[in-house]
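Taken verbatim from Swiss-Prot:
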ACT_SITE  C16  active site
BINDING   K19, S47, R48, D49, D67, D90, G138, H139, S140  ATP binding site
BINDING   D50, D90, D226  Mg(2+) binding site
SITE      K19  site 'Important for catalytic activity'
Amino acid sequence: MSEAIRLTQYSHGAGCGCKISPKVLEVILAGSGAQNLDPKLWVGNASRDDAAVYALDEERGVVSTTDFFMPIVDDPFDFGRIAATNAISDIYAMGGDPLMAIAILGWPVNVLAAEVAREVIAGGRKVCEEAGIPLAGGHSIDAPEPIFGLAVTGVVEKRFMKRNDTAEAGCRLYLTKPLGIGILTTAEKKARLRAEDVGVARDWMCTLNRPGARFGRLAGVKAMTDVTGFGLLGHLVEMADGSKLTARVEYAAVPRLASAEYYLEQGCVPGGTLRNFDSYGERIAPLPEVQKLLLCDPQTSGGLLVAVAPEGEAEFLAVAAELGLQLAPIGELVERQSLAVQVL
């Protein structure tokens, strides 16, 4: 049954490319920072961080996050896996460990069979098992387009908690997954994906950001976030602005999927790419079109963006290598200039 279904044809958006643009989100969230007055709320929405953290006691906090979206791939089981991997990532990005998840499902019951939704949930449950947590329940509604995701609860020690706005001048920047996921999934939706590229983006999207829990324990890691729908530049702007610094990025050093630029030449540009640039482009130094299209590419279940102090770099790279990650710096953070990000 599922082989004949193309889930991406039932939605107007795909994955984290469904996100409301940063510019519109600023209007929606204007004034909401007042919620941070609770002293037990260690991390709220003031910094647009990956998750909220609320104190359990003086040493530990509960981490809470939710993430859901429309299909980014056609296969129902893979859609569930990707959505779950993406949602759990926010816990890891805070330096925490996930405890349990609750499913969020919107389904066009008069258009797509219930058995297809069951496959989606099975994919989500599979990833929860890989993360060592239960899929403990959920909520579903009849919706015009398929939607799936998780609300995830985790725990973090305060001394290990990582934010996206605490980087320091001199920190080196690292990215744990290549860019181009939005580009390749757009090629798939347009039926232009070459045979040798089938499954490439999917496999990255289904890779848990579990290393974040280890990175959180490193004193040299000063800030961390995951790269999702706002693209690398969007999350760099958040980190740089929040930390009152400027990020300098070496374009040639940024990891990208091998065929990403080929598909850009074929016109496989996600709709969210230009919306992203329109939202934060004025805070970035001018850059060539191809760089803009790659660096603003909306990532679904993208990698961790990590700011590492020079004195902690050797330990960080050793831990990364132990976890199977061969990383190289993509740039650094310097004292604040007129712009948030410069691409070299």
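Using the three backbone atoms N, Cα and C, a Cβ is placed for every residue, glycine included.
Remember, it's a predicted structure, so these values are computed and weren't measured experimentally.
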Candidate with sparsest Cβ neighbourhood (10 Å radius) among D67, D90, G138, D226, the listed binding-site residues: G138
S140 (ATP binding site) CB neighbourhood, other CB atoms within 10 A: 15
Cα-to-Cα gap, D226 (Mg(2+) binding site) vs D67 (ATP binding site), nearest whole Å: 13
From binding-site residues D67, G138, S140, the one whose Cα lies nearest D90 (Mg(2+) binding site): D67
Three-state secondary structure, which DSSP defines for S140 (ATP binding site): strand
Collapsed DSSP category at D67 (ATP binding site): strand
Conformational class of D90 (Mg(2+) binding site) under the three-state DSSP mapping: helix
